[in-house]
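According to TrEMBL, the [2Fe-2S] cluster binding site annotation covers B:Cys216, B:Cys221, B:Cys224, B:Cys241.
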Amino acid sequence: MSAPGLGALRLDHPVMVASGCGGTGRELAPFVDLDGLGFVTRTLTRHPHPGGAMPRVVESPSGLLHAVGLHNPGLEVFLAEELPWLVRAGARVVVSFCASTLGEYAELTHLLASAPGLVGVEVNLSSPDADGVGAFDAREPFHAASAVAAVRRELPADLALLVKVRPDPVRVVETARAVRDAGAGAVVVGGALAAAMPDGRPAGLSGPAVRPVATAAVRTLVRTAPEIPVVACGGITTSEHVRDYLAAGAVAVQVGTGLLHDPTLITRLVHDLEETS
Amino acid sequence: MLAVGRAGAFRVLSLAAPGVPAAFRPGTFVVASPGDDRLAARAWWIHRVDPASAFGPTIEVVVDPGSPSGAWFADLAVGTRIALTGPLGRPFTLPRQPVAALLVGEGHAVAPLLALAERLRARECPVTLLVGARDEKHLLAVREARRLVRQVVVVTEDGSVGHRGVVADHVGSLLASSSAGVLYTAGRPDAVRAVASIAASSDVPSQVALEVPMPCGTGLCHGCVVAVVGDDAVPRQVRACTEGPVLPGHRIDWEALP
Ligand code: FES
């Protein structure tokens, strides 16, 4: 399947691994065949992030609260140690990243532009706690567009440029239009809702609780701006959920929290979708 | 689930688990999630395996029905299907030469030590097992252990069986009297910290199976990090579920643990 807007990211089926839930890929490999699978990495930053204090992941009704704090080894270590393995495993790798300034967005894109085997990037503008982790504040559509424009200028045309925006049914259209005009190939609608840990620390809420919210955002966006390709993400645990998002107009979906619950989930979804298609 | 047995205050669940016994090594675990509305996984140490029971390959896990998620598992009816993933994690490292070993566990954390004792015995390592608990009801596997190892020392906080006190009171003297060349322990960080420190101050290497919450168990969520110090003295973080749960005691940065 060559979904519109995904460019070099050719998908054999519409299910991808969402950012932050595929580990380094090695952990997922025993459960899911990575060959041909769209794999979005955890969000990478310029420098390594040790991540937040414990506990980092806590249950809440119908969702997981997480305050992992962008735990990642930094882009350079990722490129040297993790990317080659993922590419060898056959994954269609999309690097999720975020930066703290526009200049850093350009710099990171420059590093990514020549990474062997990469098929695309995903600019993460949907972190529920951008300030807490020192990320560029892209809440205003204008700022979101500036970040995407900085990436667009450095990114080779043949790499897919996905931009992940908050699953916010109220502001999603403005934001999506702004980043599309700035050069985004497709918009990923999803990621965590802003929430708090039981002890009050800022957190994200992911999982089933997000699905109706993300569904509303996807529907609004597809209806209002049908020219923008949308990848949907949020609370997928069954092939029904995938079909619902596709019926709402998404060109593909990403699966995240469900993998923490059942690491074989993608294999099952793909199998179910094939059975009934 | 094939059966639920009682072991004092604990429940021992027997589960048909094709593929798990063959790959099992002491210290590894399985994860399962209680239901679709509770999303974090629960990790259970594998207590015992039987590769060829009448029901095919089976495993046993020990559950504390006094803990919130333990109650959920302990109340499941025989015949319930549970999605299990495992065995996961790095197991205890076994010595190449026959050396004396001291195994220390409290409460349900004794679960992974019994199979370890068996494997150590198979390598001709003289094993001493120090088992602790709040009271008699929370003692696990003492009778089986007596058949299995050279010496079993029992400690309870209320003094109902064995010595009164906690395991840490006895680690030092048992390390000396057994001339142990290695110490193995399992449990929550606060419970095993003292045990590992005593081993360290006696210059005995320790292998610690850490019990920390593991929201996925498979390395995907980064929710189970433990601070360690590498050979190069550089502090870093590892995931208890993939780089652990068994870690060399001297590597663990106890100050950074909750
Ligand atoms: S429990 Fe999720 S990474 Fe260890």
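Every residue gets a Cβ built from N, Cα and C, even glycine.
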Return one of helix, strand or coil for B:Cys221 ([2Fe-2S] cluster binding site), based on DSSP.
coil
Cβ contacts within 10 Å for B:Cys216 ([2Fe-2S] cluster binding site), all chains included, total 31
Neighbourhood of B:Cys224 ([2Fe-2S] cluster binding site) by C-beta distance under 8 A, where only residues 6 or more apart in the same chain count:
B:Val212, B:Pro213, B:Met214, B:Pro215, B:Arg239, B:Ala240, B:Cys241
Within 10 Å of the Cβ of B:Cys241 ([2Fe-2S] cluster binding site), how many other Cβ atoms can you find? Include all protein chains, please.
29
